[in-house]
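Note sheet for the following structure.
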Amino acid sequence: VDPSGNESSATYFILIGLPGLEKAQFWLAFPLCSLYLIAVLGNLTVIYIVRTEHSLHEPMYIFLCMLSGLDILISTSSMPRMMAIFWFNSTTIQFEACLLQMFAIHSLSGMESTVLLAMAFDRYVAICHPLRHATVLTLPRVTKIGMAAVVRGTALMAPLPIFIKRLPFCRSNILSHSYCLHQDVMKLACADIHVNIIYGLIVIISAIGLDSLLISLSYLLILKTVLGLTREAQAKAFGTCVSHVCAVFIFYVPFIGLSMVHRFGKRHDSLLPVIMANTYLLVPPVLNPIVYGVKTKEIWQRILRLFHVTTHTSDP
């Protein structure tokens, strides 16, 4: 950034970490790192169990594997860099690296939203049209849905680097978060950012807004079908949906809250959006494998079996 105040292209940004808690960041990094390791190990365990157990090669569990893989990538795109800030005071990030991190976080979030929608569709077909489930959601079709999620998330974020590169930066190069977000970076520009704002709204409405609407619609249809079943069948149907409903709330609530704070709140010297941003990228990867592990009997049984085998083989 040109110190004279003239318009120039940014070559690097400064990641501020946790504003107001700079002295505590070193110690706060330890629980954050522990949560990151739990997230990676938990999601890898889910992927390993589903991959090795042929009885779990069903659409619901394959979608869960996709969700776990995306959770690992999302947390990894931000947490190691955050640890470098907290432990080594490595606050500088090059402009290109910032663009890459921004693109990765936003595109992976779009992919995760698509997978959550696919999981809702799977539950809708399984409960409302059980006889057609095996023919509608075949393994090749599930694979195509996964590929569509990748293409959709990538395509939605493809214009992002272009819209950021066109902006001149002359005010400051200090970001208010521990990683690069589109909403945070564009507010540093000393030019008209209405194009970026409109683009961000289009992405949120066409991805998060549409997906959450379709997920809500699928559960309204599921609820309508379940209310006509016996109590035993109702309990079984609701039991298969609890984990997914939890995953939906865990993902969408922090995302929507963060978007609202960025759009209507004050930018500088506020710890709330920083905490919400870190929550958005770390809490879902930590909680999703725990929720699915506890609430899904098939996965929980495999986890117990895996633990039993490990302890048994370690005995002298």
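Just so it is clear, glycine is given a Cβ too, placed from its N, Cα and C backbone atoms.
Residues or ranges marked as domain 'G-protein coupled receptors family 1 profile' by TrEMBL: 42-292. As annotated by TrEMBL, transmembrane segment applies to 26-49, 61-79, 99-121, 142-164, 197-223, 235-255, 275-294.
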Q | Beyond the flanks of the transmembrane segment (197-223) by at least 6 residues, Cβ under 8 Å | A | 106, 110, 113-114, 116-117, 120-121, 123-124, 127-128, 152-153, 156-157, 159-160, 163, 182-183, 186, 237, 241, 245, 248, 252, 255-256, 259
Q.
Does the transmembrane segment (99-121) come close to the transmembrane segment (142-164), meaning at least 3 CB pairs under 8 Å for residues 6 or more apart?
A. yes
Q. Per the 3+ Cβ pairs under 8 Å rule, pairs at least 6 apart in sequence, do the transmembrane segment (26-49) and the transmembrane segment (99-121) touch?
A. no
**Q.** Close approaches to the transmembrane segment (99-121) from elsewhere in its chain (Cβ under 8 angstroms; 6 or more beyond its ends)
**A.** 60, 63-64, 66-67, 70-71, 73-74, 77-78, 81, 93, 142, 145-146, 148-150, 152-154, 156-157, 160-161, 164-165, 179-182, 185, 203, 207-208, 211-212, 214-215, 218-219, 244, 247-248, 251-252, 255, 281, 284
Q.
Can you give me the average pLDDT across the domain 'G-protein coupled receptors family 1 profile' (42-292), rounded to a whole number?
A. 88
